[in-house]
Structure formats: C-alpha cells, structure tokens
C-alpha cells in the first residue's frame, strides 16, 4: 500500500500498516518520538491501520493533539484503577460495570456502576493507582472482534457495553484497546485514539470529583457515577487550572446566590424555576432598565406578549413539533369542550411576527424593531439543570427587527453597537466574534441564494466596520439564515457564548409576511433575531461569577450601609440612610445591638460597596466616614459630597469607584 508524507512523497508499506510503521520507516528518531498521526485530517493513534493513499503527518508530544491522545488513555487508566481499587476491597473486578469514558475540555471522565458508591474521599486512592499504572508503562494493543465475539464478551456481564455494541452499525469495525495483559490489564470497547503506552502519559493530572449521571443522559435509565479528571502536559498548566478551579468554587453563582440572598430554586415550586429574592431582583431590574434605555434610544418599540400561545401558532412557525422534545407538552381543554390547544411559550418570535402582521406594512415603516423582556419555557432534563445557567423558565431581552434585504448591514451594525455597549458597561473586554455561514455542500438551507450571499457579505462587512476580531465558521449558519455570535471570556478566562444576532428568511416565508415597496409591489421582509443578554437568568449567573458577587455600584443590591459607632448616633445613621434613599440610592442603617466591627464585617461579607461610619464628630459636622470595599478607609467627607459622587457613579454605571 502507498501513503503520502506531508511533503507529498509516497511511502510504500505492507498492507494493513499503521502510523507506527510509518514512524519506523522514517528512522529511529521518529520511531522513538511519534505518539500519533493526522491521517487525511483525522486524529489516529499508532495502532489503527491506515487507508490506502492516505496523507499522513506524524505527531510528537510537542503537538497539541497529543493532549487529546493522553486524556483519552487516562480515561481507560481511570477505569482500570477503579477495577483494581474494588479488587483490593474484595470485589470481583467484573462487578464494576462501565459506561463511556470520553475526552472533554481540560480532561476526561468515566461513567461507572460500582458495587458500592464512590465518593470524593476515594479519589486520592484511585489517583494513586492511576499513577502506578503510568509507572508500569503498559503497552496498548488494538484488536477487532466480530459482532458475535464482542457481544459474547459483554453479554450477561455488562449491560452498558452490550448496548453500545448493539448500536454499532452492521459492517462497521468493532475495535477494542487493551493495556497490559488480559489477566491484570484492562480492555475496553473503543474507537481510539490512544497513546502507545501508559508510560507516555504526562503525570500532570488530577481526579476532581464524583457526580451522578444518568445512562445516556436519560433520567429513566440507571444512575451511574461519573468520575471526572483533568490533565495537562505541564505541571504549570495543572497548577494554573487547579487555582482556577478553587477560584471558580468561591465564585460559584449557586453558592453566592445563597450567601448574598439573590435567588432561590425551591423544589416545591419546581426544578429549574427561579424565584428572584429582593436583592437578586434589584440586579435583574437594573439590567432591564439599562437595556430598556438603550433600546428606546435606538428606536426600538417595546411590546408585551402572553406566556402561552395557541398550538397552531407554533405549528405555523415550525417550533412544534420539530422542537417538541425541548418543550412542555401542549395544554388541552378538550374535556371542557374547547378544541384549541395551547403551548407554554418556547420562543417570543411568533408573537412578534403576529404584531408585525396585524396590518399592512410599508417600506417607510421599516426597519421595524420590536423588543420585549419575554419569559419563555423550555423542557430541560432534570439532570442537565444547573443553577441559573440551565433552567426551565427564563426571560430574554428579545427583539426582532423586520427590514428590507438592503437594510441588513445597517441593522447589524446597530445591534453590534448595542452588544458592544453592553460588554463595555459590564467590563467584558476579552471577546471575539464568530460568523456562521452556509456549508456550500449542504442543501438544508431555505431562502433565495442571492439573498443569502447578500446577507453573508453584509454581516462580514458590518463586523469589519465595527472593528471586530472574528472568524467565519462554514456550516455554522442555521437552516434559515446566517448568524453572528460572541465568545466572551470572564474574569477566570472561561468562555461564554453571548450576544447572538441571527438573520432569518424562514419565518417571514412561513407566516407570509410582506411590505409594500417603493414600486407599489409586495415584498418579503428579512427578520433579525437578537438578544444581547440572551437569558437574563444565565447572564446574571455569569455576572455573579465574573464579579465574584462584588457588583459595581449600579448593580449592587445594597449600595451603602450606615453604621453608627454607638447608640447615640443611631438617629443620625437613620437620617443619613433616609437622605441617601430619597436621592435614589439603595441604603440601609445597621443599628443592630452588635459591636461596630461586627456590623462592618457583615456589610463587607455582603459585598456592600460603601460603608459609612458615623460617630459624634460626623454627626456634629453633617459628615460621614467613608469606607469603600476593597479600598479601605477613604476618610471623612460632607454627606453632600459623598452623595454627589455616589450618585454620579451610580447614574453613569461606572465600573470603578469615583472616590
């Protein structure tokens, strides 16, 4: 057989040759250093046979793909270590049943059904066993079995692997990887790829936690235990990640939401349904007020639509039944003699479309920008719900722009300006844009070819004019139009997808939307979907973690706490708090019978931006002693001076304090 090297040179090899044979043919240096290969653009290990005529580029430990290889093998090492862990506890290793063990971002996991529950306390012992397996430098071997042989290996022993074998299409190769010998090693059903031996795995890994995971993500299937690990090429990368992990725990919005009394998810109310507590609602209302001001200034018209709609509305839009799995079931009143069925609103767009369509529209009215803080409902599986970032009911800062094809670029520029204003106001400085365009080889897209080409060109031109750093992702467009979204890094360097802007040719067509053009003829408008925050719940969850609950003054639930030194200043403290409130600040006087230092500490724990201490001197002078969170004591100043500065900081939505 013939394969081709990166420089185009052919290499003759025996039939069934692997990348290992390529390395051997290229000399001792490559044979020693090679860990895998890129074969026709796909990641291979050294063990998988190469196709005839393949283009082969060998990989070493310096290549970024090495990380994928060793993380995958670490998942197998984890499974082997768990089996050995239970063998030493007196269990038959066969009693440990295995689900799947893939590579994930930063590491790996394995889903396991063990004879007794695993806990985080077991992880150091399992991790120690993994390190032993690395030191043994067990070579990996790949082999293929027939369907019957593969089923015989698992049937009656491991229902999860049996199910996976049965799902492999007829005629597709069923491969296994074995590390060590059959008796004391480990063999797993796997497509690969892997490192050549366990000794090639860098020792810079750590098991992080154990969590429950339903088999195949289905809450009606057995609950397995998912053991997570992280792994890196260098000790420095691992150290940095573990620091980030600890910092992320401190910033976890679920923990801070509880401690700062921002929100609540009550099981009696329902899973994934958020109760905003008074302090959390302040953050929500401030964000909405900011967005409302910006939208009105930019020519949006605010509308309100109901939380449910007729099933026919969503059949017309195509949201039902195509997305039925992510929706709550229809609401029926047939037993009351009413034929019409309803659906909890999964999207705001059909409602806005009906507002557009209630009368004839002229080109003079376009672009028409309709905006709403609309609450929608999606059915998320219980196991996938996560604090504010994955919920079943959420509010979107949703808007839909109806415009002519020629106006798409201008509207895109307007939305980009709004999104960038949001990012700047909240201190989100590190971001990049992605433009999703058609895959020219696919025929899944609706709409006119010329309109698509125009929209894609207009989006790229708008992104360039806005000075954005962007990439064009071929095939990332939705079937109904191209899009642009942002990937934003938070304070910990984690990436979040925000601020999607979507061009839509499909819904105007489905609803028969028209406008009368300059020529007196009817034309089809283009529709833009945009939501800079996206879900308010998710956005606030991200902000809580980005700021570590330490919000800038304009978002802080309590902006100032007045602390009297003793009982003698309590009336003055209340007077100061009253004046702050009258001026529009959120202020409280803390007159509890606690030591002054304890009250100051409590305000700091609650992350209140300003603590105003008042004693006899301050009372006599009409002043306050100002402490700014993270900056300490700023000295004494007249109350009027503090009020003027604090109001400026609040009204201008400053990130940094004025004092």
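Cβ atoms here come from the backbone N, Cα and C positions, even for glycine.
Residues 349, 400 are given by Swiss-Prot as Zn(2+) binders; from 204, 209, 529, that same site also lists 529. Within 10 Å of its Cβ, the residue among the binding-site residues 400, 529 with the fewest other Cβ atoms is 529. Per DSSP, the secondary structure of the domain 'TGS' (1-60) breaks down as 13 helix, 20 strand, 27 coil. Long-range neighbours of residue 349 (Zn(2+) binding site) (same chain, six or more residues apart, CB within less than 8 Å of its CB): 317, 398, 400, 504, 507, 527, 529.
When pLDDT is averaged over the region 'Catalytic' (252-552), the result is 93.
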